[in-house]
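Per TrEMBL, the feature GTP binding site maps to 101, 102, 103, 104, 105, 106, 107. Taken from TrEMBL, the feature Mg(2+) binding site covers 107.
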């Protein structure tokens, strides 16, 4: 959602705005994901939804926007999860240690979490 909205903003405001114009297919997917992101009840990540997210991720405008992710506060873990969408959308998905490490929540300060 951050990348989709960021690409729309850059397409309107950047001097080289043409490279941030999202394809019509990706625009439709982005609008759908933005609507999902604003809800409190996120749907399960199905194979179909993962494929749509992959399509959006592969859009050239999204990749250009991702390259400027530091300006948009794109999480560091974005690329990792985008590259693993099919595994993550498996009905029998079990998080790996790497998944847990990448799935951090941004904090300001030191936060301690104890595992058993």
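Every residue, even glycine, has its Cβ placed from backbone N, Cα and C.
Unlike curated records, TrEMBL annotations are generated automatically.
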Let's check the environment of residue 102 (GTP binding site): how many other CB atoms sit within 10 Å of its CB?
17
By a simple count, how many Cβ atoms lie within 10 Å of the Cβ of residue 103 (GTP binding site), its own Cβ left out?
12
